[in-house]
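**Q** Mind looking over this structure? Questions follow.
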Amino acid sequence: MTKPPLTLYLAAPRGFCAGVDRAIKIVELALDKWGAPVYVRHEIVHNKFVVDGLRAKGAIFVEELSECPDDRPVIFSAHGVPKSVPTAAQARNLVYVDATCPLVSKVHIEAQRHADNGLQMIMIGHAGHPETVGTMGQLPEGEVLLVETPEDVATVKVRDPAKLAYVTQTTLSVDDTADVVHALQQRFPLIVGPHKEDICYATTNRQEAVKAMAPKCDAMLVVGAPNSSNSRRLVEVGARAGCQYAQLVQRATDIDWRALDGISSIGITAGASAPEVLINEVIAAFDAHYDVTQEVVETAVENVEFKVPRVLREPA
């Protein structure tokens, strides 16, 4: 039986970003240096395949520092942690390595700087996401106000409208965030923003690639985890950019082939914490069902690399 033809558009950039790559390397190098087990507070990155792979090598994932023993190293996830976490680790004399993405750390420093200058902080982010919790936890409880939507901006209660600054989560929708920033600037004309956009280069680049790809596609799949903020945003961006069917899949086994019946083109991308092996698995699944012609939609070239902490570059 002849397979139906399918044009498969592959977004570039896609998949791993520099912060995720660094965080995974940190866990692997810590296991090399100190042996198993190494404890990791929260999933190092939001991807089950990656976490399961590290668990098999001897990483133990916990949600709280209190679950870590005193005599084993602990790593903080790429999303960042409240200031209270390293303080508690120091009080227990724990060996710890902070795998917070440097671009998240930049937001932490920004929030602290604005607070030191007497400005009240507003954070644009998703409630409960570990990155939001970590950034808000850089300052005393109640000092950072959280807004998610322009509607939230209308009701937020501030101390002094003339003394405000905002930061954002790094993995948000660029367009949605622009709407929230606009609402903040309309209501609080004196609000201070970041010197450089807080939404990171990788989030922005992956969304731009999807915007370029989506209008060409009958359907689009984003390889990523349901708890990955940046992956979920890619699905939303694809739908908004005109793709009729945009769906999140963790692996090829999640593909709903019935929903794709009759398509002649598909777009494939992946969130920043999804490894290339899972993307290749999805492409192989389409190769098995269709006569595939592959086209790359490239909107940016990435060559960012972040060094791992010095403690892991030194011999044991």
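Yeah, the Cβs are placed from backbone N, Cα and C, and that goes for glycine too.
Sharing the record's features from Swiss-Prot:
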- Glu131: active site, proton donor (ACT_SITE)
- Cys17, Cys101, Cys200: [4Fe-4S] cluster binding site (BINDING)
- His46, His79, His129, Ser228, Ser229, Asn230, Ser273: dimethylallyl diphosphate binding site (BINDING)
- His46, His79, His129, Thr170, Ser228, Ser229, Asn230, Ser273: (2E)-4-hydroxy-3-methylbut-2-enyl diphosphate binding site (BINDING)
- His46, His79, His129, Ser228, Ser229, Asn230, Ser273: isopentenyl diphosphate binding site (BINDING)
**Q** Taking the Cα atoms as reference points, how far is Glu131 (active site, proton donor) from His79 (dimethylallyl diphosphate binding site) in Å?
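**A** That separation, Cα to Cα, works out to 5 Å.
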**Q** Please report the Cα separation of His79 (dimethylallyl diphosphate binding site) and Cys101 ([4Fe-4S] cluster binding site) in Å, rounded to an integer.
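**A** The separation of the Cα atoms works out to 7 Å.
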**Q** For Cys17 ([4Fe-4S] cluster binding site), which of the listed binding-site residues (His46, Thr170, Ser273) have their CA atom within 10 A of its CA?
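**A** Near Cys17 ([4Fe-4S] cluster binding site), where near means Cα within 10 Å, the binding-site residues are Ser273.
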**Q** Using a Cβ cut-off under 8 Å and a sequence separation of 6 or more, which residues in the same chain sit near His46 (dimethylallyl diphosphate binding site)?
**A** Gly224, Ala225, Asn227, Ser228, Ser229, Ser231, Gly271, Ser273
**Q** Taking the Cα atoms as reference points, how far is Thr170 ((2E)-4-hydroxy-3-methylbut-2-enyl diphosphate binding site) from Cys101 ([4Fe-4S] cluster binding site) in Å?
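**A** Their Cα atoms are separated by 10 Å.
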**Q** What is the biggest Cα to Cα gap, in Å, among His46, His79, His129, Thr170, Ser228, Ser229, Asn230, Ser273, the residues listed as binding (2E)-4-hydroxy-3-methylbut-2-enyl diphosphate?
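**A** If we measure all Cα pairs in His46, His79, His129, Thr170, Ser228, Ser229, Asn230, Ser273, the largest is 15 Å.
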**Q** Can you give me the Cα-Cα distance between Asn230 (dimethylallyl diphosphate binding site) and Cys101 ([4Fe-4S] cluster binding site) in Å, rounded to a whole number?
**A** 14
**Q** Using the Cβ centroid of His46, His79, His129, Ser228, Ser229, Asn230, Ser273 as the reference point for the isopentenyl diphosphate site, which residues of the same chain not in that list have Cβ within 8 Å?
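**A** Going along the sequence, the neighbours come out as Val45, Pro130, Glu131, Thr171, Ala225, Asn227, Ser231, Gly271, Ala272.
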**Q** I need the neighbours of the [4Fe-4S] cluster site defined by Cys17, Cys101, Cys200. Which other residues of that chain put their C-beta within 8 angstroms of the C-beta centroid, in sequence order?
**A** Ala18, Gly19, Val20, Ala78, Pro102, Leu103, Val104, Thr170, Thr171, Tyr201, Ala202, Thr203, Ala272
**Q** Highest Cβ count within 10 Å among the binding-site residues Thr170, Ser229, Asn230, Ser273: which residue is it?
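**A** Max Cβ neighbours within 10 Å, all protein chains included: Ser273.
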